[in-house]
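Worksheet: the structure to be examined is printed underneath.
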């Protein structure tokens with residue numbers, strides 16, 4: 001529901017009832033703005049509409065100019081355009097790839113390429129590759145993100161407008177993003193953050209609109225529209241990057257607080273009415289957004305239906321759903337008496353043996369069997385070959401297929417010995433069994449039970465299915481002692497083991513790291529080598545989605561290695577260091593990702609001031625001193641607290657993450673900090689003092705100033721000074737944003753603030 005068109009510019013119509021009567025809040029009997037506690041949210045704007053239109057046009061044009069200035073430069077691949085340009089090409093070729101981020105934003109970029117008629121032939125392989133010699137619609141890609149980055153600014157403006165802040169406040173807050181060096185750099189390149197940021201901004205805006213509809217009257221058309229618009233925006237956030245969970249936590253916090261208010265007996269709602277509120281929010285903010293999120297994965301799987309570079313990240317079962325999958329082409333039925341190689345899925349190590357033996361005594365004093373070593377070896381080798389043999393007494397003949405969970409024996413071809421597991425401690429794990437081999441005479445004699453194994457299926461329902469190379473995963477299960485063969489690369493064997501991987505018997509049989517696959521059948525005859533086309537196998541969507549999620553989170557958590565431009569979250573609010581995006585050594589030009597340090601430190605100060613005000617207010621009120629008036633406190637504990645909590649939700653979780661972290665991860669929190677900072681200083685430059693320092697204006701019936709005066713002139717001077725400083729920084733650092741100007745070493749050094757390390761400083 002839009003703000004009423006009739007404007008009284010700060011004057012409230014006369015009230016005939018107590019505006020603070022809690023029983024009137026959130027009820028259909030009280031639709032008018034003067035009958036709710038947050039009446040200032042619903043009252044007319046404090047300034048004429050034309051003033052808002054003027055300022056939103058100005059800041060939007062500034063944002064547009066900043067992002068589209070020389071959008072074509074550099075005509076080379078910059079930073080992570082390597083990844084997201086490449087992914088767009090894979091979508092256009094329908095080649096399956098793997099990435100740790102959800103697909104929505106990547107598909108939007110690919111969609112732009114499709115509209116341009118691009119075929120995806122260029123793969124953006126390295127930073128610095130020329131777009132002139134490798135044609136790609138890079139300007140269209142960049143322009144798409146630049147448009148989104150530009151539109152983020154008016155969305156921010158209108159968010160504060162809906163919260164009834166003055167036009168200059170809305171303009172200032174949005175200016176902090178419009179000419180922020182980090183936002184401009186990130187939203188004019190082929191990256192995901194432009195889509196992420198505008199989705200977060202839209203979420204904030206839509207939720208504010210929804211909340212105002214809630215105050216007027218719930219369950220109207222406008223109420224439903226803005227509820228579901230909030231959910232749609234949330235779905236875009238979570239479908240772009242999983243940091244969208246932080247946005248969910250912010251909106252979730254606000255929704256829970258609101259529901260708690262509705263549950264209050266003073267709200268006048270029955271439990272049935274409350275449950276209606278709860279169910280509508282659950283549906284609009286959680287269930288429908290989750291379905292939309294799943295929809296993008298369905299599109300992702302539908303488009304990427306051909307084998308590609310992402311095959312190796314997925315299971316054999318998943319790969320069989322892809323056209324032209326090498327696994328499907330090379331997959332063969334494993335027969336008894338076949339000579340095979342067996343590969344561990346997690347480490348790509350082959351089951352291997354050689355004539356060298358385990359030492360009689362390990363370094364820690366434990367005793368081994370001194371048997372022949374069985375190790376994991378990551379390279380092709382004759383010693384990786386094993387013959388599959390049936391157990392004694394079996395009538396199985398040559399050429400008969402091996403079935404999952406049948407008892408089998410494995411003969412090591414090179415040393416003519418049987419694979420064996422026994423109750424002797426392994427080299428590194430005293431609780432796990434040693435794996436070795438024994439002679440044919442011993443294996444056919446008293447040690448025979450210890451040579452029996454089975455290719456155990458990962459699912460009970462697959463028992464009895466035919467074993468195939470490449471595509472069927474299994475556990476190599478030891479029948480006698482009930483362990484599964486396992487290897488790892490956490491620590492390699494010492495010199496006596498030739499720095500190869502330990503293989504042992506893991507008592508945790510169903511551990512997913514116990515999975516193996518037959519990699520090759522060595523002794524295939526010509527008849528079996530003939531390729532027989534196979535039908536692409538279907539796999540239920542949810543099964544594909546679950547497997548993809550597991551791989552995404554697993555590989556995301558593995559992004560923990562050191563990176564020269566990685567940084568810790570404590571350094572982000574002050575933008576102490578940045579990231580080198582691109583360099584041109586011949587012309588001494590560079591693009592360096594860094595925040596507008598003046599603007600970012602202004603936000604740090606604003607956050608600190610807010611915390612100080614809140615603490616002081618709580619303490620003084622506890623002592624019976626009511627310094628702040630009612631309207632100031634409603635704004636501090638209303639929209640400002642909402643923005644502050646949202647900032648916390650988007651910032652502090654990064655301290656818990658072990659993966660690589662970069663400055664651009666702070667951009668969502670920075671966006672919210674800009675909204676927060678603009679709103680805070682309007683409150684500070686208002687008449688905040690209560691009418692009577694000894695009376696609590698929050699008590700029902702207490703008199704208070706409904707429209708505290710804003711000291712416009714000093715406030716305007718303050719904002720102009722800060723804006724000029726922010727604009728100066730943007731201009732001064734613009735050579736690092738656009739990379740279009742060669743700086744002398746002294747000019748480079750003059751821009752190395754805090755921990756910034758630039759190229760060409762010497």
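Note: Cβ is positioned from N, Cα and C throughout, glycine not excepted.
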Same membrane side for residue 82 and residue 242 per Swiss-Prot: yes
Range annotated as transmembrane segment - as stated in Swiss-Prot, picked from 95-115, 116-136, 137-157, 305-325: 137-157
Per Swiss-Prot, the range holding transmembrane segment, considering 12-32, 33-53, 243-263: 243-263
Same-chain residue ranges lying at least 6 outside the transmembrane segment (284-304) that approach it to Cβ under 8 Å: 90-91, 94-97, 102-104, 107, 224, 227-228, 230-232, 234-235, 238-239, 251-252, 255, 310, 322, 541, 544-545, 548
Cβ contacts the transmembrane segment (717-737)/the transmembrane segment (137-157), at least three under 8 Å, sequence gap 6 or more: no
Listed stretch, out of 137-157, 167-187, 190-210, 594-614, 636-656, that has the most CB pairs under 8 angstroms to the transmembrane segment (243-263): 636-656
Cβ pairs under 8 Å between the transmembrane segment (167-187) and the transmembrane segment (218-238), at least three: no
Those residues of the chain, 6+ apart, with a Cβ under 8 Å from that of residue 759 (N-linked glycosylation site): 580, 583, 590, 748
Average pLDDT across the domain 'MIR 3' (464-521), rounded to a whole number: 91
Three-class DSSP secondary structure - residue 759 (N-linked glycosylation site): coil
Same-chain residue ranges lying at least 6 outside the topological domain 'Lumenal' (158-166) that approach it to Cβ under 8 Å: 3, 40-41, 43, 45-47, 52, 56, 173-174, 201, 204-205, 208-209, 212, 639, 675, 678-679, 682, 710, 712
